[in-house]
Amino acid sequence: MNTKTLQQFEGLLNRSLDDVKLRQLLLQDKLVIFLHLLGCDSNGHAHRPYSSIYLNNVKVVDEIAERMYNLMESYFNDNGTAYVFTADHGMSDKGDTCWSAMPFEFCGELTFSLSEVKQEQKQSSSLYFKPFKPLVNYSSVLDRIEDLISARDYKTAMKYSEELRSMALAGLHYFQTYDWFMLMTTITLGYIGWMANLIIHVLQSYTTFPASLLKRTQVYPMNTSMKVYIGGCLFMGLSSIILLLEKSPPLYHAYVFMTIFLWTRIVQNYEFMKSAWRELFNMPFKYIMNLLISSVAALLILEFLVMSFFDRKLYTWCFLALGILASVCGAFSIEASPAVAIYTWLACWFLSVFTLMPAEIPENNNLVIFSGALIILIAMASRWATINTTTFWLYLNRANKQAPKSSKLFFVQVTLISVSSIMVCLTTSHRSQHKELHPLHQLINWCVAGFAMALPLFSPCSVLSRLTSIFLGFAPPFLLLSIGYEAVFYSAFALVLMGWIFLESANLYCSEGSNSSCHSSLADGPVYGYDERCLQLSDLRIPLLFMILFNVAFFGTGNFASIASFEISSVYRFITIFSPFLMTALLIFKLFIPYMLVICTFSAITKIVRVPRIGCYFLVILFSDVMTIHFFFLVQNTGSWMEIGNSISHFGIVSAQVVFVLLLFALTNIYTKDIEVSSWQLTSRKYM
């Protein structure tokens, strides 16, 4: 790679001997020639910095530097070339990308002139300009410094100069954040308006408010609605004129317009909100207390999720507590199958171990192979539960017989997992011996991964069978992209997801078996049949658990810093040449796999409990926006690059989570759209 770069530069110089125009370009003043020698970077990631291959690359780079110097001096022959030899990042002993502390020479303060430029820009565009008061009389400070220099009082002059530079930096920050109050207010009001619209939409479309309330609030007087609409348009127009006069960027217009639009929608639903508020106070005191407790619990959980972005070890305590809570609740409320409570306890405690492990995954081929065997054992246990169906398990398995092809499909999927484990051994052995990946092995890996992901589409439509098949289908590509303990995490994570399904099914089984009627109100109560029921207060647990598991899908094996310091060897089984886009695509796909398991489980649970999946998705959006507002106020523009970058990344990722989850919902719908569940009445009749 490095040699090819040098050869291209040599070819450029040789062509200039015959190309007059090219030679004129090369001989012009202030010419910068940049060579990106990537060999040490890619080989350090793949073979570690102390390997013979890496050390040989260092030697090659030294030779290229010498040849470059000789080429430049012989071609230009003016003794006027400056050479800069530098690197964009360092590398750890493991071959991960890393950065050291910033050199002290680059920590200087900005000149005063830059602050002055910012002031002039703001003053020329603002209708009402507020200057930075400490710098209003800066000219007198400059005169004072010049007098001190003339008097040769250099020590005092340096002191005043440093103070002036500090004030200039503070002034630059002042003008850079000049519009922050307006922007933060507008954006915060926009998020609050968006969340209020979501709540209104969920209440109107997915809850069981009395029919009389809906009748009074769904149809609005035309004149009232039109007045609100006209008022919103006038306010938009006025805001647009002010922003245009201040020469604001187009993004400012978008923020203001969206905020006004959302709050106009809220005002249009004023009658509904007033009636809903009145209806809430007519509810029993117990329901109001449950609502308050649920709201506080939801906020605490969301704040916990925000904190987990800074310390992933919090999930260890989370799942230790969830394991105990699930077992206690199960022991007292789920009489159908006490084993479910014990299973969920053990699964949660097993998963809690992984967030204690290092975010930079150490390579351990044996763990990947062990995970392949563990996946097969889990699948066999699920298969046994599918075949040995009891009344409780019929919630997860259709009452009809399994299709004959399901056994063959199960065997094929287990075989593919075994093949992927073998390929992990072979490819790792080749890499440790510094051999190239055999083209046949590469072809097998691609075929196994692609074929395995298509097989779940042909599995039976019962909940347990389909989810087990999805678990088996994504296992081969995940194993082939794994290098250590994250392969075992895949199994532990799937066990917890299954535990969630078992608890929901057992809870529904006990409810439908002990109740004969449901309540058509906002209070909790089971609803029979295959039709979707309305959302109830207790259903908040579903999107909240989804949020926890969705975040664990990422933080279970890493954090944001570990993405930047990825192991390039994790994609070695699919590609051996340096291809940044394909490598990045493979690494992102690996991150997506646990997310897809969570969303498939979420979709299955909404079918088991018979709640509208879209309604639950809107609640997920609502909870995500609460976290987004928190991260919005944590964004910073001072400190180290890592602190600034992490604060922006947290806000950006949580903001994009809404669209991200929607896309994954659409993708996983291919696997979950035809899942079928059984009702208690049908299963009980079968065994009467």
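Keep in mind that glycine also has a Cβ here, set from the backbone N, Cα and C atoms.
What TrEMBL records for 171-640 is domain 'GPI ethanolamine phosphate transferase 1 C-terminal'.
Same-chain neighbours of the transmembrane segment (180-206): 214, 218, 252, 255-256, 258-259, 262-263, 265-266, 269, 272-273, 276, 534-535, 612, 614-615, 618-619, 621-622, 625-626, 628-629, 632-633, counting only residues six or more beyond its ends whose CB sits under 8 Å from a CB of the stretch. The transmembrane segment annotation in TrEMBL covers 180-206 (among others).
Residues or ranges marked as transmembrane segment by TrEMBL: 226-244 (among others).
The transmembrane segment feature in TrEMBL is assigned to 287-307 (among others). Beyond the ends of the transmembrane segment (287-307), by six or more residues, the same chain brings 280-281, 314, 318, 522-523, 537, 540, 544, 547-548, 551, 623, 626-627, 630-631 to within a C-beta distance below 8 angstroms of the stretch.
Taken from TrEMBL, the feature transmembrane segment covers 314-334 (among others).
Sequence annotations record features per position, and here TrEMBL assigns transmembrane segment to 340-359 (among others).
Within the same chain, residues 393, 396-397, 402, 410, 413-414, 417-418, 420-421, 424-425, 462, 464-465, 468, 471-472, 475, 479, 482-485, 487-488, 490-491, 494-495, 498 sit at least 6 positions outside the transmembrane segment (366-387) and bring their C-beta atoms closer than 8 Å to a C-beta of that stretch. Feature annotation from TrEMBL assigns transmembrane segment to 366-387 (among others).
If you look up TrEMBL, you'll see 407-428 (among others) marked as transmembrane segment. Same-chain residues lying 6 or more positions outside the transmembrane segment (407-428) and placing a CB less than 8 Å from one of its CB atoms are 365, 368-369, 372-373, 375-376, 379, 383, 437, 441, 444-445, 448-449, 451-452, 455, 458-459, 469, 472-473, 475-477, 479-480, 482, 572-573.
Within the chain, the transmembrane segment (440-458) has long-range Cβ neighbours (under 8 A, six or more residues past its boundaries) at 405, 409, 412-413, 416-417, 419-420, 423, 426-427, 430, 466, 469-470, 472-477, 480, 573-576, 670-671. TrEMBL lists 440-458 (among others) with the feature transmembrane segment.
If one looks beyond the transmembrane segment (478-503) by at least 6 residues along the same chain, the residues whose Cβ comes under 8 Å of a Cβ in the stretch are 319, 326, 330, 334, 337, 340-341, 343-344, 347-348, 350-351, 353-354, 357, 361-365, 367-368, 370-372, 374-375, 378, 382, 396, 417, 420-421, 423-424, 445, 448-449, 463-464, 467, 471, 545, 549, 552-553, 556-558, 567, 569-571, 573-574, 586-587, 589-590, 593-594, 597-598, 601, 604-605, 608. The transmembrane segment annotation in TrEMBL covers 478-503 (among others).
Among the features that TrEMBL reports, transmembrane segment is placed at 571-593 (among others). Counting residues 6+ beyond its ends, the transmembrane segment (571-593) has Cβ neighbours under 8 Å at 1, 38, 42, 46, 423-424, 427, 431, 436-437, 441-442, 445-446, 449, 474, 477-478, 480-482, 490, 554, 563, 664 in the same chain.
Residues 184, 187-188, 191-192, 194-195, 198-199, 201-202, 205-206, 298-299, 302-303, 305-306, 309, 535, 539-540, 542-544, 546-547, 602, 606, 647-648, 650-651, 654-655, 657-658, 661-662, 665 of the same chain lie 6 or more positions beyond the ends of the transmembrane segment (614-635) yet place their CB under 8 Å from a CB of it. According to TrEMBL, the transmembrane segment annotation covers 614-635 (among others).
Annotation source TrEMBL lists transmembrane segment at 647-671 (among others). If one looks beyond the transmembrane segment (647-671) by at least 6 residues along the same chain, the residues whose Cβ comes under 8 Å of a Cβ in the stretch are 309, 456-457, 466, 470, 550, 560, 592, 595-596, 599-600, 603, 613, 617, 620-621, 624-625, 627-628, 631-632, 634-636.
Tertiary proximity for the transmembrane segment (226-244) is limited to same-chain residues at least six positions away from its ends with a CB under 8 Å from its CB atoms, namely 127, 252-253, 256-257, 260-261, 263-264, 267-268. In this model, the domain 'GPI ethanolamine phosphate transferase 1 C-terminal' (171-640) carries an average pLDDT of 82.
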